[in-house]
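Visitor: Dropping the structure in here first, questions after.
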Amino acid sequence: MSVTTQQPAVVPLPSSPRLPIESHAGPRSTQLPPSPPETVNGDDPKSITSTPAEPDFPLPPPANPKPQVLDIDKPTPDAHVPRDPRLIRLTGVHPFNTEPPLTDLYNEGFLTSPELFYVRNHGAVPEVQDEECLDWEFSIEGMVANPLKITLRQLLEEYENVTYPVTLVCAGNRRKEQNVVRKSKGFAWGAAGVSTALFTGVVMKDVIERAKPLRKAKYVCMEGADKLPNGYYGTSVKLNWVMDPNRGIMLAHKMNGENLSLDHGKPLRAVVPGQIGGRSVKWLKKLIVTAEPSDNWYHIYDNRVLPTMVDPDEAAKNPKWWMDERYAIYDLSPNSAIAFPAHEEKVVLASAENSYNVRGYAYSGGGRRITRCEVSLNKGKNWRLANIDYAEDKYRDFEGRELFGARLDMDWRETSFCWCFWNLDIATAELRDANDILVRAMDEAMCIQPRDMYWSVLGMMNNPWYRITIHHEGDVLRFEHPTQPALIPGGWMERVKKAGGNLTNGQWGEQIEGQELENTAVEEVKEIKMTKDGVNRIVELDELKWHESAEYPWFVVNDEVYDGTSFLEGHPGGAQSIISAAGLDASDEFMAIHSETAKAMMPAYHIGTLSPTASKQLSLEEPTSKQASSSSLRPTFLDSRTWSKALLSSKTKVSWDTRIFRFKLDHASQTLGLPTGQHLMIRLRDPVTREAIIRSYTPISQISEQGFCDVLIKIYADAPGREGGKMTKALDSIPCGHWVDMKGPIGKFEYLGKGVCSINGNERRVRSMKMICGGSGITPIYQVLRAILQDSADSTHCTVLNGNRLEEDILCREDLDRFAEENGERCTLVHTLTQAAEGWTGRRGRIGEELLKEFCGTEEDGLVLVCGPEGLERSVKGLLSGMAWRDDDVIFF
């Protein structure tokens, strides 16, 4: 197959020596105010309209030393990805979501190196070897007359390749400001979630044309290779945008002249200029032409600006908000930020220059040019024009030139795909008399940044005026930006909010002249106090580690230190739950699993606060193990103190709402290491908020099985008026081949065999067990029952009361019925249904007083095991107490 596109003769640009890159960070000549701005002055030798004899457009920054795989990434699924340590991690260690320091980003100039380019990853980075890249294949399917499968090799050989600069921006850029006002569902981006590169590839229009879209096709859905909790990442754009050459939507394989790096989509990604970065799918595997927008989970539940009155609870309860395509984000809005003065930068007046060059960036979307940037020193009462450097326009002067092995495709374009840099000299004396510096930008659609924030539940597209404050400290001016990214403290917004200022009062939380200070919190957060008043002890890491033992276990939740010693006996999950957390940060597990009641108990065990140094050291010690290497094969998989990675290898449908999930362990001869009657924890992360979802499960596979474990899980889907289960929905949506974290064992009960069990470490002999369960609560009951009945020498008698709604809801029924049939003298099995069909011959109704009195009378050396929905457990507890069962004889899983 060949391409016969008519093109001008290509004249390669010189590749060596590298052309100098114009600095955008240096001082400018003083013009107060410039009118018109210098960038539209045709006589300026730097003017965009000049036609130089030699290329003078920006080329990539000088290459940095090749990054290495960082120690912090080695225990994660991204252990194969080299990274720059300067990047600021926004979601902890993994997944990798980062932005560079704002000053470093600006100082690199118009083009950003791949090492400093911001990264948004929803999960693990696909592992692609260099030798596999040319054979990387993606499909074009759906509403097309000619479905195609194309390799990267074919893109290089059979299609015209082009190069042009594009700025990519995360829709969450500047979200931290929204999170300070009111917590959104998104993590805390600063103002550096934006970067620019020269991308090389094939215009998507060329490949879609060959597939011949059908008449009613309207969208192009894209899907990547990154496996996530809710399926592969995917989204869509309109087909007519793809087919519009002015939009410049590209299938890119190079970035700044180098093959894409792993974090940036190696070996192939979409690049959608002028739109949020979430539309530029990385690790591209599918283009699907459709009549409707994408139904991918990430297209629907991410990258939306819901109406400001929709709070997180309403958004969670009503899926209709997410389904409305009007709220989906595509084109970027005008935005700008100040890079210099930097946060906490100081100017000593006695030795300062006469003027300071205030400077930063601005961008807009949809191909629209930023037409003005304005700066104010008096809270927006007066504005002055800043100079603007449109470095992107310098590429337009070169027709028929080659750059990075492809045609530089800019000479005919009138759209603007890139950011611009603005600057303005301000007299130092004026800064001395001012309290803040504001900047705002306007694009050619006359759309201007607003003064006030538009808060939304995902915190996206935040673009109010960017403001830095000026503190007068004697002879020194100190500058303060609004926030710092991630969990880094600092910024005037946090300071004002802590002082009681209302950040939405139209004056950035400051007192309005003539009015009393408004001391009203924007949002009343119902937060349970988990610390004890008067406890000021600072705990260092060494002291915490002295208490890793089972005898005196200390643990950490949100940087606060707790002594669990006195609760070892009373913990509902058993002493092991506390011992396993000893000396560790248990924040994820504790916050995800425990109720408000449990949180309210915490002040009684609070003994101190981690020092900042200890907190940082502990965060770097996240004990997560990947699958074992062949040189260190562990005989058992589970570790009570370490999260281990298990691979989802298959899903087996048991009923309409129940699946058996098979997880592959490290190696074929490895056992799970879970005692009978105990549980393991499974951890996934919410793809939007990155908060940990952790739940306890009991596998149904034999404890002696090697190489895998099977977990039976009932899926609680969303229903009208009821939100489904976070974890079960996430597990149901992840594809085979996805990793999950596991930790264990946990639980206070263990069956040792032949009537002997251990409760909180104390052995006890029993002659009978009453097992009461409902729904998926059968799993721990099933595990103990099977262990007893498989041992012919075990004389323990078991009575099982199993409650369900419908006959098809009875889980493990075949095995349960077989156990009862083959062991009639040792096992009594009673099924009861609340919505039984007409032909049902078993019991009807809930497990109530009648059944309990008939089958669960008190016995010497008897024990009751209960597992089921909260309502069942609460009811059974009260009824058993009324039947004279002692609390010590009733175990709730």
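Just so it is clear, glycine is given a Cβ too, placed from its N, Cα and C backbone atoms.
Residues or ranges marked as Mo-molybdopterin binding site in Swiss-Prot (evidence: similarity to another entry): CYS170. What Swiss-Prot lists as FAD binding site is ARG695, SER696, TYR697, THR698, LEU712, ILE713, LYS714, ILE715, TYR716, LYS726, MET727, THR728, SER776, THR779. Here Swiss-Prot flags LEU863, VAL864, LEU865, VAL866, CYS867, GLY868, PRO869, GLU870, GLY871, LEU872 as NADP(+) binding site, drawing on similarity to another entry. Swiss-Prot lists 55-65 with the feature compositional bias 'Pro residues'. Positions annotated as compositional bias 'Basic and acidic residues' by Swiss-Prot: 71-83. The domain 'Cytochrome b5 heme-binding' annotation in Swiss-Prot covers 536-611 and rests on sequence analysis. Residues or ranges marked as domain 'FAD-binding FR-type' by Swiss-Prot: 641-752. What Swiss-Prot records for 1-83 is region 'Disordered'.
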Visitor: How long is the line from the C-alpha of GLY871 (NADP(+) binding site) to the C-alpha of LEU712 (FAD binding site), rounded to the nearest angstrom?
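Guide: Here the two Cα atoms are 21 Å apart.
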Visitor: List the binding-site residues among ARG695, TYR697, LEU712, MET727 whose C-alpha is within 10 Å of the C-alpha of CYS867 (NADP(+) binding site), in sequence order, or say none.
Guide: none
Visitor: Where MET727 (FAD binding site) and PRO869 (NADP(+) binding site) are concerned, what is their Cα separation in Å, rounded?
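Guide: Spelling it out, the Cα of MET727 (FAD binding site) and the Cα of PRO869 (NADP(+) binding site) are 16 Å apart.
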Visitor: Based on the record's binding annotation for FAD (ARG695, SER696, TYR697, THR698, LEU712, ILE713, LYS714, ILE715, TYR716, LYS726, MET727, THR728, SER776, THR779), what whole-number value in Å is the widest Cα to Cα distance?
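Guide: Taking every pair of listed residues, the largest Cα separation comes to 20 Å.
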Visitor: Nearest of the binding-site residues to SER776 (FAD binding site) by CA-CA distance, picking from CYS170, LEU863, LEU865, PRO869?
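Guide: In terms of Cα distance, SER776 (FAD binding site) lies closest to PRO869.
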Visitor: Cα distance, TYR697 (FAD binding site) to LEU865 (NADP(+) binding site), nearest Å?
Guide: 16
Visitor: On a simple 10 Å Cβ count over all chains shown, which one of the binding-site residues TYR697, TYR716 is most densely packed?
Guide: TYR697
Visitor: Taking the Cβ of CYS867 (NADP(+) binding site) as the centre, count every other Cβ atom within 10 Å, in any protein chain shown.
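Guide: Taking all protein chains shown, CYS867 (NADP(+) binding site) has 24 Cβ neighbours within 10 Å.
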Visitor: Enumerate same-chain residues with a sequence separation of six or more from the residue listed as 'Mo-molybdopterin binding site' and a Cβ-Cβ distance below 8 A; give 'none' if the list is empty.
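Guide: The answer is TYR118, ARG120, TRP189, GLY193, VAL194, ILE276, GLY277, GLY278.
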Visitor: Between the Cα atoms of LEU863 (NADP(+) binding site) and TYR697 (FAD binding site), find the distance and write it as a whole number of Å.
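Guide: Each residue's Cα considered, LEU863 (NADP(+) binding site) and TYR697 (FAD binding site) end up 22 Å apart.
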Visitor: Can you tell me the mean pLDDT for the domain 'FAD-binding FR-type' (641-752)?
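Guide: Result for the domain 'FAD-binding FR-type' (641-752): average pLDDT 86.
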